[in-house]
Amino acid sequence: MIPNRDTIEQKQLGWVELITGCMFAGKTEEFIKRLRRHAFAKRNVIAFKPVIDTRYAVNEVASHAGTLLPSIPVNSTAELKEKLEAKILEKKVDVVGIDEIQFFDEAIVDYIEELADRGIIVIVTGLDKDFRSQPFKNVDRILPLAEMVDKLTAICQKCGNFANRTQRIIDGKPADWNSPLILVDGNDSYEARCRNCYQIEKG
């Protein structure tokens, strides 16, 4: 049976947008811009971030350029879901933003899909690769599911070419392969690097 046109038009369409790339590529800046655009269009917008990310602000998503957007810090997908569903009971939510999805547990991917299926626009950011240049958790799974994917590049902080890798620096030297996967810090711990300037010490 083919649904009639009126039924199709009445159903609010949801989708997933992924903004990805290396560090310092402007992912969060683009994320904030998109959410602000939706808010300007009178849509109800809510943003979340992982508690672990406290580089510039606790209750705001912050870009490296200093742009801020109010957000709700959460420890897990379960906490995000609890807070978001409570907001949805209060009023309609049109757009949900989730920053740094690589820091969430793996349940976040299924919940993002559920929200889109319910007619909500979900905009997420995440690093495509970790400091070892291996696919990052959650981003690798959301990549084939998202309707829109933007992969941003940065400027190599060593040679000035375009960069698509995240270089971890410890005590002024490239990090060892075996150093911890998650280490949230600022400019002192990471650099954007191109293919030629990226280094990893395999100890």
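Using N, Cα and C of the backbone, Cβ positions are placed for all residues, glycine too.
Computed from a predicted structure; not experimentally measured.
Record features (Swiss-Prot):
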type	residues	note
ACT_SITE	Glu100	active site, proton acceptor
BINDING	Gly21, Cys22, Met23, Phe24, Ala25, Gly26, Lys27, Thr28, Asp99, Glu100, Ile101, Gln102	ATP binding site
BINDING	Cys156, Cys159, Cys194, Cys197	Zn(2+) binding site
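Structural mapping of features recorded in Swiss-Prot.
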residue : record                       : Cβ neighbours (10 Å)
Met23   : ATP binding site             : 21
Ala25   : ATP binding site             : 26
Lys27   : ATP binding site             : 27
Asp99   : ATP binding site             : 26
Glu100  : active site, proton acceptor : 23
Ile101  : ATP binding site             : 24
Cys156  : Zn(2+) binding site          : 23
Cys159  : Zn(2+) binding site          : 11
Cys194  : Zn(2+) binding site          : 21
Cys197  : Zn(2+) binding site          : 17
Inter-residue C-alpha distance, Cys194 (Zn(2+) binding site) and Ile101 (ATP binding site) (nearest angstrom): 23
Three-class DSSP secondary structure - Gly21 (ATP binding site): strand
Lys27 (ATP binding site) versus Glu100 (active site, proton acceptor) - Cα distance in angstrom: 9
Pairwise Cα distance for Ala25 (ATP binding site)/Cys159 (Zn(2+) binding site) [Å, integer]: 16
Distance, Cys156 (Zn(2+) binding site) to Ile101 (ATP binding site) (CA atoms, angstrom): 24
Cβ-centroid neighbourhood (8 Å) of the Zn(2+) site, Cys156, Cys159, Cys194, Cys197 excluded: Gln157, Lys158, Gly160, Asn161, Ala163, Arg193, Arg195, Asn196, Tyr198
Cβ neighbour count within 10 Å of Gly21 (ATP binding site): 25
Gly21, Lys27, Asp99 screened against Cys156 (Zn(2+) binding site), Cα within 10 Å - retained binding-site residues: none
